[in-house]
Amino acid sequence: MSVHAIQHPLVKHKLGLMREAGISTKSFRELASEVAKLLTYEATQDLETQKTEIPGWSGEMLEVELLKGKKVTVVPILRAGLGMLDGVTDLIPSARVSVVGLYRNEETLEPVPYFEKFVGDLDERLAIVIDPMLATGGSMVATLDMLKARGCPLVKVIVLVAAPEGIARVQEAYPDVEIYTASIDERLDENGYIVPGLGDAGDKIFGTR
């Protein structure tokens, strides 16, 4: 598994703004989408293309390169992953959207599934799983379990912030999955939150804090 901590100055700047204690819901939501878009650019550099003929503006046929095959499904983990969805689909507007609903048991810190809806032909698609935080890794591994059980051959993960513990858990379960993140933070605290992290990203995106 490869872990890509993106070092682009715009990514660092926008993530830095997101860490401010008094950030508004509007600003946090906008920045989450913007960082997701920048990470998506990095994560999709190896998408396959194929040469295709199209009619050009002059009336002549042109040979261009377009994405090959069934392409991509984006998989936001509810609810916080929805805050990154627009950023991803801005770059890949033809992507189909699958949805996984998980919540964390606050005593065991393990994920509990409550909803799933996947697009068809998963065996022919790249799945991009999005969630603001990769903390313990439980929700991410549970989502990867669902995708792999349905025959999805290639999965990438995009998170705004990752903890070393979460990375290690994904790596142990699925060494073939690539992770793209704006930051690998220090650690998890006793409650399973990333330090320094972003706080509760779902609450900040939806204004329920």
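Note: Cβ is positioned from N, Cα and C throughout, glycine not excepted.
Noted in Swiss-Prot for the protein shown:
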- Arg79, Arg104, Asp131, Pro132, Met133, Leu134, Ala135, Thr136, Gly137, Gly138, Ser139, Asp200: 5-phospho-alpha-D-ribose 1-diphosphate binding site (BINDING)
- Ile194, Gly199, Asp200, Ala201: uracil binding site (BINDING)
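Locations of recorded Swiss-Prot features on the structure.
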{"residue": "Arg79", "record": "5-phospho-alpha-D-ribose 1-diphosphate binding site", "Cβ within 10 Å": "16"}
{"residue": "Asp131", "record": "5-phospho-alpha-D-ribose 1-diphosphate binding site", "Cβ within 10 Å": "28"}
{"residue": "Met133", "record": "5-phospho-alpha-D-ribose 1-diphosphate binding site", "Cβ within 10 Å": "26"}
{"residue": "Ala135", "record": "5-phospho-alpha-D-ribose 1-diphosphate binding site", "Cβ within 10 Å": "26"}
{"residue": "Gly137", "record": "5-phospho-alpha-D-ribose 1-diphosphate binding site", "Cβ within 10 Å": "23"}
{"residue": "Ser139", "record": "5-phospho-alpha-D-ribose 1-diphosphate binding site", "Cβ within 10 Å": "27"}
{"residue": "Ile194", "record": "uracil binding site", "Cβ within 10 Å": "28"}
{"residue": "Gly199", "record": "uracil binding site", "Cβ within 10 Å": "17"}
{"residue": "Asp200", "record": "uracil binding site", "Cβ within 10 Å": "15"}
{"residue": "Ala201", "record": "uracil binding site", "Cβ within 10 Å": "24"}
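Comparing CA positions across the binding-site residues Ile194, Asp200, Ala201, the one lying closest to Asp131 (5-phospho-alpha-D-ribose 1-diphosphate binding site) turns out to be Ala201.
In terms of C-alpha distance, the listed binding-site residues Arg79, Ala135, Ser139 place Arg79 closest to Ala201 (uracil binding site). Ranking the binding-site residues Arg79, Met133, Gly137, Ser139 by the distance of their Cα atoms from the Cα of Gly199 (uracil binding site) places Met133 first. Note on proximity: of the binding-site residues Arg79, Met133, Ala135, Gly137, the one nearest Asp200 (uracil binding site) is Met133, by Cα distance. When the binding-site residues Arg79, Met133, Ala135, Gly137, Ser139 are screened for a C-alpha within 10 angstroms of the C-alpha of Ile194 (uracil binding site), the residues that qualify, in sequence order, are Met133, Ala135.
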